[in-house]
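Feature annotations, courtesy of Swiss-Prot:
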- 486: active site, proton acceptor (ACT_SITE)
- 1-11: compositional bias 'Acidic residues' (COMPBIAS)
- 15-25: compositional bias 'Basic residues' (COMPBIAS)
- 134: N-linked glycosylation site (CARBOHYD)
- 205: N-linked glycosylation site (CARBOHYD)
- 220: N-linked glycosylation site (CARBOHYD)
- 267: N-linked glycosylation site (CARBOHYD)
- 383: N-linked glycosylation site (CARBOHYD)
- 650: N-linked glycosylation site (CARBOHYD)
- 679: N-linked glycosylation site (CARBOHYD)
- 694: N-linked glycosylation site (CARBOHYD)
- 708: N-linked glycosylation site (CARBOHYD)
- 729: N-linked glycosylation site (CARBOHYD)
- 845: N-linked glycosylation site (CARBOHYD)
- 951: N-linked glycosylation site (CARBOHYD)
- 572: site 'Transition state stabilizer' (SITE)
- 1-85: topological domain 'Cytoplasmic' (TOPO_DOM)
- 86-106: transmembrane segment (TRANSMEM)
């Protein structure tokens, strides 16, 4: 990125060039002085320079402060000087020979120590500071041309500080034709083979020093060593070939912040097909931000304790050590960590040896890793304790957490299922887990739910710690699925890694899909892959992918900011949905064998999507089927969006239907605005499964491959009284529409005997109908007519699908005058089932009895709908339970509905209840309880309390950074707080963007959550005006937000009157 003041620096440099001769003497004096300077580690790092360091800028005003500093005079220059002495004083031939010999010896000496006297990125020129210094030495540089060849000659006057450079690339007129440091990707000329990384952590002032030795293979001759580095203060760089050839002279080095690379400029070209050893000594901060090597804290027995932990994915390893920070550059790692003996350290591999020192420090040396990428390297320094178990194959599994959490047994559930999951994946993939151990680390603060570091997976506490006495089934399910996801990554992502970030779905899509497959292994009765996958993955991502601003699951990465952008729900959830579709049309057993081959062939390496397609095609071929997987799947992965299939009965020919496909877009007007869509007529090869049925019978399933825009097909047994149903059990990633006659027949079937259709088909019909109506493909009454059958529905999934589909419609209508008509209609559909199911017993403890899961989740869903839409009995019950808790100080609220009761009570009752929940939020130590208490505070109808909570959310000592986003989003979902959250978001945007900007996934979640239910012309105008002043990395998220709000406004303009008219008639009959 361009830095402030860059043009001014160039002008100033031109002036300095004119004065160079006059200043030469002064420069040489300053160079000599600079060679002697050193300072204590990061003396000013936490002071004025800290802001510049954190912002990634140089933090310097001196022109060319980043340029290369002093290096020793070359051999040629010394020889020239001695020749002039010979000529001037007519020295004898013997004297000349003696001087020449001396010059040769000096030349060798300078070559050996050349790197020691070179300048450093983030460090200083002309001799290195002592170990631990900050490298703040004078010097700036330019290239001089003389008879002896090119060299970097420093100019005195610059001052480098931690996180800045003391060297900079040459000016435009001096640059070489090809500059490897300006490219997004590393050149590939060099490949790392092995890293020796030695760290010393100073937890008392949150700094660390490091020494990294990298063995690199030179593939193509080059004069530059370019690797990633950011926010590190480099003190010293050395390069050597091997013992026979010795040191390689270094001319200088500089940091290029636009691409976050360290460039080492050499005096000679490295030879291809040779190996070299690069040594870098550096210092850095243990950051307060949640990326790189960062710090977190917790309170134990009234004392605040700190820990250091890493988050390197996708591009943050470079903030902890200079490295080749791209997934393709796999290498082995040997890590050593020196820390105070009061702490323990963890990394990907087990500790091999620990060396204790008399001064209270210890150095842990970890075993060497297998080949791996930098982004899932990890380490941690903490005061935690652990529990452990061992798998059948001998893998040691440990869970590390705060001592009080371990003592309570909060990590026991995670430890238990992790052991089982490793055994499951080893059997399913037929590839053993590759490391001797797997540590699970629960930390108070983390930018994501979890990170799959190989052998050291890191989780935020809320996604791994579970206290059975206060945790609901819903919370247990969340914890389970996060753990299943991360353990899958030990194979998909860690063992086999995508070549580049454009195919991040190859790891995230598989891990997300296996969340449901792995949970089915743990709890077979839950039917996660066949049922819950629909509502939690398919329906959710199709909402996002139905926008004109969506993108393909495989998307180009053209600049550094694009890398963070690819980690979104399209990669995770659409990737998972496409994998599920692929597994279903291939057949699960063939698909499984294909995955086994894929992992075996590419283990410890990298793979691209074509490698997967080829392996799966071969698996099909061995099974006697010939499908070109790449041809089919490229259309689904390289095109954005998805199709809507429309099945029309042919009125002129019996047993004939017409099938059409078109790109589904929620807002048709957005399609005409998007240039990328105007000239594209997307087509997909669609595996359409189809059945014919009537009131008592359903035919066997048939598959039709639809590849054209319009096709005619003959269907057996299709008569006037029969209905058609497409995309059976919603295994395909598309929607299905029908003519109105067929919709009427399907609605009639649901009302007369819904069990003729499977649970998944019933849920699929509900979601398709609501989405098609929202986009204008169907009349608004069709989905509302479908849900009339729900009073007879006994299964959880259709209720869950209906609840999710009604939610955005409710938010579009909840601030309108005649909202009560919609509210009354929904209550009418819920009332019968609410009375039948009742409330859970007080003694229900969230047991994992599989038979109760579906029933308890159904009961919870119906109670939530009843309380949300104002059922009087539900409100009374919630108020009674809250009042009993306050008066008795005993919480007898059933676990599985606590969040509903807390929210309803805060909404209905007075400020004292809000204050009581606020007090309980502060006093509880159970992370699951803390989360639902905080969210309950956002349910208040009191705008003053909501404003108070929004302001408190910015205090990290009160609300954790990752929880603050949820607070703001939940206030925005409250009709009494939507405008407050929207105003707060705009007023505090600079603070929020600074806090979450680099964690783009969190920033996108915040932008979407605050804006998704804005639906007035005024709010749309405010959003567009706000966007005019912002063009940062979250610009794509704002574009999606604008499209969403435009679609909301358009729907209200076109359809709200139609909806209310129908509702009014329906309630009168």
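Note that Cβ sites are derived from N, Cα and C of the backbone, with glycine treated the same way.
Known features from Swiss-Prot, placed on the structure.
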{"residue": "205", "record": "N-linked glycosylation site", "CB count, 10 Å": "12"}
{"residue": "220", "record": "N-linked glycosylation site", "CB count, 10 Å": "11"}
{"residue": "267", "record": "N-linked glycosylation site", "CB count, 10 Å": "19"}
{"residue": "383", "record": "N-linked glycosylation site", "CB count, 10 Å": "15"}
{"residue": "486", "record": "active site, proton acceptor", "CB count, 10 Å": "26"}
{"residue": "572", "record": "site 'Transition state stabilizer'", "CB count, 10 Å": "24"}
{"residue": "694", "record": "N-linked glycosylation site", "CB count, 10 Å": "15"}
{"residue": "708", "record": "N-linked glycosylation site", "CB count, 10 Å": "10"}
{"residue": "729", "record": "N-linked glycosylation site", "CB count, 10 Å": "17"}
{"residue": "951", "record": "N-linked glycosylation site", "CB count, 10 Å": "11"}
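Taking CA atoms as the reference points, residue 729 (N-linked glycosylation site) and residue 572 (site 'Transition state stabilizer') are 21 Å apart.
For residue 572 (site 'Transition state stabilizer'), the nearest of the glycosylation sites by C-alpha distance turns out to be 708; the candidates were 205, 267, 383, 694, 708. Recorded residues residue 383 (N-linked glycosylation site) and residue 205 (N-linked glycosylation site) have their alpha carbons 17 Å apart, per Cα-Cα distance.
Taken together, the residues in the topological domain 'Cytoplasmic' (1-85) have a mean pLDDT of 37 on the 0 to 100 scale. If you measure from the Cα atom of residue 708 (N-linked glycosylation site) to that of residue 267 (N-linked glycosylation site), you get 62 Å.
Residue 951 (N-linked glycosylation site) is 58 Å away from residue 694 (N-linked glycosylation site) when you measure Cα to Cα. Annotation note: residue 951 (N-linked glycosylation site) sits in a helical segment as assigned by DSSP. Secondary structure from DSSP puts residue 267 (N-linked glycosylation site) in a beta strand. Counting in whole angstrom, residue 205 (N-linked glycosylation site) lies 43 from residue 220 (N-linked glycosylation site) by their C-alpha atoms.
A distance of 38 Å separates the Cα atom of residue 486 (active site, proton acceptor) from that of residue 220 (N-linked glycosylation site).
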